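If you check TrEMBL, you get these features:
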type: BINDING; residues: CYS509, CYS512, CYS549, CYS552; note: Zn(2+) 1 binding site
type: BINDING; residues: CYS518, CYS521, CYS536, CYS539; note: Zn(2+) 2 binding site
type: DOMAIN; residues: 281-447; note: domain 'Helicase ATP-binding'
type: DOMAIN; residues: 544-701; note: domain 'Helicase C-terminal'
Amino acid sequence: MRLAKVIVDVPTMQTNDPYTYLVPDELSDKIQKGMRVIVPFGNGSRKIQGIIADVDNDGEFDGKLKKIEGILDLEPVLNPELLSLSKWMSKKTYAFQISCILTMLPSVMRAKYQKQLVLNSDDVDDDILKLFDGSTVIDFDVDKLPNDIVRKIIQARKKRQVVIKYKVQDNAKAKKIYALSSKISTDEAKHELENIRKNSKNLIKILQYIISHPGESIAQRKLAKDYDISESSIKTAIQKNWFKRFLQEEYRNPYKQTVKRNYPLKLNDDQANAVNTISDSIEKENDQVYLLEGVTGSGKTEVYLQTIQRALKMGKTALMLVPEISLTPQMVKRVKGRFGDRVAMLHSGLSSGEKYDEWRRIENGEADVVVGARSAIFAPLDNIGVIIMDEEHESSYKQDDAPRYHTRDVAKWRANYHNCPLVLGSATPSLESRARATKGVYTLIRLPHRINNQSLPEVRIIDMKEQMKENGQEDFSNELLAAINNRLQKHEQVVLMLNRRGYSSFVMCRNCGFVLHCPNCDISLTLHMDSRTMKCHYCGHEEPIPNKCRNCGSKKIRYYGTGTQKVQQQLQRLVPNARILRMDVDTTRRKGSHERLLQRFGNGDADILLGTQMIAKGLDFPNVTLVGVLNADTSLDLPDFRSSERTFDLLTQVSGRAGRAEKSGLVYVQTFNPDNYAIQLSKKQDYELFYRKEMSIRHETNYPPYFFTVKITASDVNESKAAAKMFEIAKILKAKLSQQAIMLGPSPSSILKLKNKYYYQIIIKYKHEPNMDECLEYILNHYQKDAQKGLYVNIDPDPLNFM
Ligand SMILES: Nc1ncnc2c1ncn2[C@@H]1O[C@H](COP(=O)(O)OP(=O)(O)OP(=O)(O)O)[C@@H](O)[C@H]1O
Ligand SMILES: [Zn+2]
Ligand SMILES: [Zn+2]
């Protein structure tokens, strides 16, 4: 018997192990490991998508087996490497293997399930007959039908007058275009040319094309455009049997404009040392992890590019990861300009069709350099020579939802699989990585100087408490304003950052202190001037801006917190002749707008770039000599042990935008907490000093990297149920773990209520807990039955925040 093990698209514990199916004879020679298939599942007529994990040519099975219904792919979509990676990831992140697999594949490969209604007999209620409107099969969307019809359908189904069927819809479709190949020989074409009327200009052009391109095929659109031939003449040519017309696959090309070619720069000694050291590992095929700690503007990107080049020369491929936010047009140009069409880009700016095409180019071996954000770590590259993670400290490398993987861990797994080095680059490495480098687990490579030996910009801290007294302004100090005016005179450029993490503009009553909250979530609503509404950033709830207080009726309502839009207006009043560009989620929503804004700034069409965190990273503009951080505090206030580290990182990154070329830079950091150590140390921009200080604090307080952590969360619409579950889990943990494990909680999560659900959590800090895995798996298995009732338990290993 030919059997196949199939991982089915039903994310539950019972289905986490592959199911065995019978391979029918007609599919026997097509089925391969890693293909998507359609299989029946459960008792009814339900059909779902699955992935073949294994094929057994002469298997044995007692009992009745279901048959595989059909295949969705002609070739495997998951190679053996990615298949075993998904298995490892499932264990490591306490997620279902099918969730891991679907995370790895382009989203279009996730089949949609469409319920269908099939008419079995004409002897059925008139309303139902009307619904079918002459056909015998229709799509069945319960939500779209009125209740009384649904009731009638349920009755009809009981009598077997109608049946419900499931259709698996594959959304992975290649784009097809018409192409032409000549059906006549060159001689025949020459003969036609002699007999054709002289004024049939278009047909003459077509025959000349056929004569000069024997045996070639061409896209119909291209023939019309490049040779200036009318579509109707092409149709005539097809009718005359000169051409055969057929459908051809085409890749959607997300980068239509041609990128200017750029060439390797002559490396300085530190850079050359870095490239040589890493390349040595590529050649020797050892999976060493390198931590490239280079100050801002030290030329890390050039090190990446030349390392990639070495890998390509050795006939290998390369994978480079960057945080979504720094996948700027500048970065794209640098990589595309260096490696051209060999580069595939994967990021959230692409449509799902474009992503699928880039993915297939990689899969087909047409691209051997892949650049992308988090999920690009799953790019189906073969023969990887080097994996690079830029800004490795960035929190966006950890996925928030299941599977809660950290890109760094997956990168290490793949580096180990391919026997290739992994390069972690940053000006402010995560404490975890830097600590491993101290221990010798990673190899530390440093780039301590800026290119051209330009010094790091001077950083001045401004106490806003004093400033408020002086000029009553809470956003702009006198010093910063003076410096801005000075740059305007010198025709130099300014970058201003408004730190908005965990802080947005909300509405507060000055009379009673009432703040407008989302009715579904436990957080304040955010003011949006463009749509003139209050919005919830979590659930999307929207309502009009109030003009009087809902609590006390007072009209003394004030907007608190600073939105970029409001700051822009204020700044424009303070420096009337400055040309200001604003960059935030609102101005970059449309495709390409991010790029256009940066282009304008780069061309010198604006003096000031005002933006959110989005401008802190990666920008490289030589004429920027002043950077201002308007509010450094907001990320300090978060209830999270990493808030100092985040603040230090952010301030260092944004400071690094100033003085990157010949002219030196200056940075102003405005804060209400001038004595905070993270702010003080960012003044020195001394990462090593910050590292030592922060490590001693983590040591005292038993936090990572000295301790491991895991977060367990329970959620339910009923608050007491979520809490009770957490206390139950706490008991299990106490019984199974050692005395050394430290438990924080159970406690409500800091955003207690989200999308109408309550969240309770426990955080465990531990050093050595041999039982931990087993214990967490026990909890996962145990809660399964609750999920159907709406009570969810989640496990987050190495959580990025404790909120
Ligand atoms: N060897 C070199 N010779 C001349 N210019 C160089 C060299 N290496 C890099 N540069 C230039 O120096 C500038 C800064 O380099 P790059 O952007 O790679 O720094 P970085 O370390 O990635 O910075 P950040 O972390 O701040 O983004 C760029 O304009 C780059 O083209
Ligand atoms: Zn909400
Ligand atoms: Zn009030």
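Every residue gets a Cβ built from N, Cα and C, even glycine.
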Mean of pLDDT values spanning the domain 'Helicase ATP-binding' (281-447): 92
Among CYS518, CYS549, CYS552, the most crowded of the binding-site residues [Cβ within 10 Å]: CYS518
Binding-site residues close to ligand 2 - of CYS518, CYS536, CYS549, CYS552, only those whose C-beta is under 6 Å away: CYS518, CYS536
Around the Cβ of CYS536 (Zn(2+) 2 binding site), the count of other Cβ atoms that are within 10 Å: 20
Inter-residue C-alpha distance, CYS549 (Zn(2+) 1 binding site) and CYS536 (Zn(2+) 2 binding site) (nearest angstrom): 18
In sequence order, those binding-site residues of CYS518, CYS536, CYS552 whose CB lies under 6 Å from ligand 3: CYS552
